[in-house]
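*Asks:* One structure, pasted below without further comment.
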Amino acid sequence: MAANASPSEQHPTSEQEYEEVLARLNSLIRTKRRADGGSWEEAAAKMPSLLRTIGLREDDLDRLRVVHVAGTKGKGSTCAMVENILRACGYRTGLFTSPHMCDFRERIRLDGLKVSKARLVQSFRHCYEMLERSGELSMAGFFRFATLLALKTFVVEGVDVVILEVGLGGRLDATNAIPHPVVCGVTSLGYDHMEFLGNTLFEIATEKAGIFKVGSPALTVSQEPEAMRALERRAEELGVSLQTVRPIDSFQGGSDDQCGGQFPSNYQRVNAALAVALATQWELRTADEVGSKNAKERLALLESNTLPREYIEGLREFQWPGRAQIIEDGHNPSTAGDSDAKCGESKGLTFYLDGAHTPESLSACAEWFADQAGQANARERGEQERQGECSENILLFNCMSERDPKVLLGSLNNVLLQKGIPIHRALFVPPESNKSSMIRTVCSSSVDLSWQREQCREWQRLRAHVQPTIVRPKFDGSIPVAAGCPFPDSRRGAVVPTLRSALQWIRTAPKLYSGIRFRVLVTGSLYLVGDVLQLLDRAPR
């Protein structure tokens, strides 16, 4: 396996140089329009040329021994699990995922850590200068450039394995320029990015199956029949073996307890099952080449339906910020002194963060929150009765403007109602970051809140038949509600002008009302979740 020494450590870089890189990356963002005005098919066809321009040949890419993962729900989590497992086995890993929540470097990880600023600056300069010199810079755009940057970094660092998450779709995605992945995986499929991928599950699955390659086995999880037909058709066309993975708990050692309680919801168990299968296939096909002395023993255990110690360790240590993440606010070791920049911690407050942003993922998020709230209620019931305490659930929500809040909030609300989990207050806030800029800004009170008002109205419509339940004392008057808020009573929904003011109120409330335990569900967008993590001083490291 590759040595642990990193070439990037020999080249320190300044903060100014890193900020200049971010500014140039920012200039490449064109949302989902083609930067050069061409079609997505034309752009995909140019990717091999861009790779050659930055000095990457087919054999360089083959040496990355790629695990390639597409899907609608859980592909980032699955990739992170695969990385954790293979790193626990002793391999040097590279991980490329998107989007980032707080720092661009989250997208490119080496051995589980964000790429260093020094290595990023060096790789960026090489790629940017080569593409600019060849006149191809405008062909790249932001995501394709980020993919080039990641691949160049992984080649220079000499990793043993790269786990690549597809950005959008599969067939025309920048990551699909990898000619010979070791193994491909498809996570749970659903309706998302329909303006690009199609209006039916069959069409969407066909685009996802575009990552399948001749000679590379393909793995997937249980899918809707329509989606599975599309995956099977593409696999048959290529002569590729397509297998549906076995449940994680069918392995000895695969129970939630044995894996450290890392599967708080069913969808994470599904992701873990796919991750184990992908890691197994990767070791089966590359172990001799890479030279892992224990790979044969691990594969023998897996053949006998037993998870190896390293696989269990990788799953147990798995962390994927912003996805089914729980933060007990009173346990935060870092208390910021500047309330303008960070919001001081408080006890009696728990944040539940999940960047769900599709109907399927919002339903899964609601299932997870309901399960967690139910468990918390059971744990706290005796203590609450003794101390006269009660609980309050708060929804902190925002979705991107291309999403349909009626559908997203409907998915969330339906499950919560079915599970009997009340939402006592709902706050709708603008994010501090967005996908059209790398520059994080502080929202002013004059920001346009029309989109948040629309979401608030939809929530009020969904909850019109639900009798508001509220714990005493009532403290709506202290909520910094935006001017013109359609429903200033936060039991029905309220728009708050900035995320910071919403968090400051949320973190102040437990201090003022010590008899209430607050649970805050933060969801609707990874950008919102990232902003909350930043303000809680819990940004991914």
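Using the three backbone atoms N, Cα and C, a Cβ is placed for every residue, glycine included.
Where the annotation comes from TrEMBL, it is an automatic prediction and has not been curated.
Dumping what TrEMBL says about this protein:
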BINDING   SER98, GLU165, HIS193  Mg(2+) binding site
BINDING   ARG323, ASP354  ATP binding site
DOMAIN    69-215  domain 'Mur ligase central'
*Asks:* Give the distance between the Cα atoms of ASP354 (ATP binding site) and SER98 (Mg(2+) binding site), rounded to the nearest whole Å.
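*Replies:* One finds 15 Å between the Cα atoms of these residues.
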*Asks:* Could you check which of the binding-site residues (SER98, GLU165, HIS193) sits closest to ARG323 (ATP binding site), going Cα to Cα?
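*Replies:* The answer is SER98.
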*Asks:* Determine which residues of the same chain, besides SER98, GLU165, HIS193, have their CB within 8 A of the center of the CB atoms at the recorded Mg(2+) site, and list them by sequence.
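*Replies:* Neighbours found: LYS75, GLY76, THR97, PRO99, VAL166, GLY167, LEU168, ASP173.
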*Asks:* Here the binding-site residues are HIS193, ARG323; which one has the lowest number of other Cβ atoms no more than 10 Å from its Cβ?
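*Replies:* Minimum Cβ neighbour count within 10 Å, taken over the binding-site residues HIS193, ARG323, occurs at HIS193.
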*Asks:* DSSP says what for the domain 'Mur ligase central' (69-215): how many helix, strand, coil residues?
*Replies:* 76 helix, 22 strand, 49 coil
*Asks:* Specify the count of other C-beta atoms within 10 Å of the C-beta of GLU165 (Mg(2+) binding site).
*Replies:* 24
*Asks:* Whose Cβ, among the binding-site residues SER98, ASP354, has more other Cβ atoms within 10 Å than any of the rest?
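*Replies:* Within the set of binding-site residues, the most crowded position is ASP354.
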*Asks:* Using DSSP with the three-state reduction, classify ASP354 (ATP binding site) as helix, strand or coil.
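*Replies:* Assignment for ASP354 (ATP binding site) reads strand.
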